[in-house]
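Annotated features, as they stand in TrEMBL:
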type	residues	note
TRANSMEM	49-72	transmembrane segment
TRANSMEM	78-97	transmembrane segment
TRANSMEM	109-128	transmembrane segment
TRANSMEM	134-155	transmembrane segment
TRANSMEM	162-183	transmembrane segment
TRANSMEM	189-210	transmembrane segment
Amino acid sequence: MKYCSSCKLQVVNDTTLCPLCGTSLTDGENTPCRNSYPVIAESFYKYNFLFRLFLFLSIVAATVCLIVNFFTAQGGHLSWSIIVLAGIAYVWVTIAYSFRGTGNFATKYAVQVLSISLVLYIIDYYAGYAKWSVNYAIPFFLMLATFAITFLIIFKRVNRHEFLFCQLVIGAFGLVPLLFFPLRLIQVAWPAVASAAYSLLTLAGTVIFADRYVRHELNKRFHV
């Protein structure tokens, strides 16, 4: 055991400096020292360095793409560089919300669905805007996302509290393509109508076939 003459305290850890004042410790009682502080693995520092390096390279790549696109495009109108930026941004959203340890799966899933839908629209818009994203890609993708979360709730042992909220959020996302038609964003209406109808049926089924726990959660959150 070590002793700090400045703080008048005994330190049980095997260290040479006082953790409070930084004064050199002297030998105290004849008691074995122990290491109470966790040992930080070297891989943590390597991971942190790689994370910062990847972030820096992403910024460099985005900047280079913007500059090249600006000086090569007619009239300085940016096009393909925005698609690259959208891809880089999606990768970092995935790293921030999907691969980190904190946060529940439902939130990560909803963020992924929203991010992918936005990236699809950006790619379509800056690649000539043939409207394939709003006509087909986004409605079908939202139906697939709704089906996937419904499958997990029914056939997998999951946290219903998390997935119920996710089911409602994804169902609400599925209604969004229905707004594309009155806003004249689409020429093909049936995929948007199918997406909205599938979402409404899923939400109705969630309420009608819900057990006591699910109904309790719905009543607590939405007073239904």
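The backbone N, Cα and C atoms fix where each Cβ goes, glycine too.
Below 8 angstroms of C-beta separation, residues 78-80, 82-83, 86-87, 90, 93-94, 97-98, 134, 137-138, 141-142, 145, 149, 166, 169-170, 173 of the same chain, each at least six residues beyond the ends of the transmembrane segment (109-128), sit close to that stretch. Panel annotation: around the transmembrane segment (162-183), residues 104-107, 109-110, 113-114, 117, 134, 138-139, 142-143, 145-146, 149-150, 152-153, 189, 191-193, 195-196, 198-200, 202-203, 206, 214, 217-218, 221 of the same chain, lying at least six beyond its termini, place a Cβ under 8 Å from a Cβ of the stretch.
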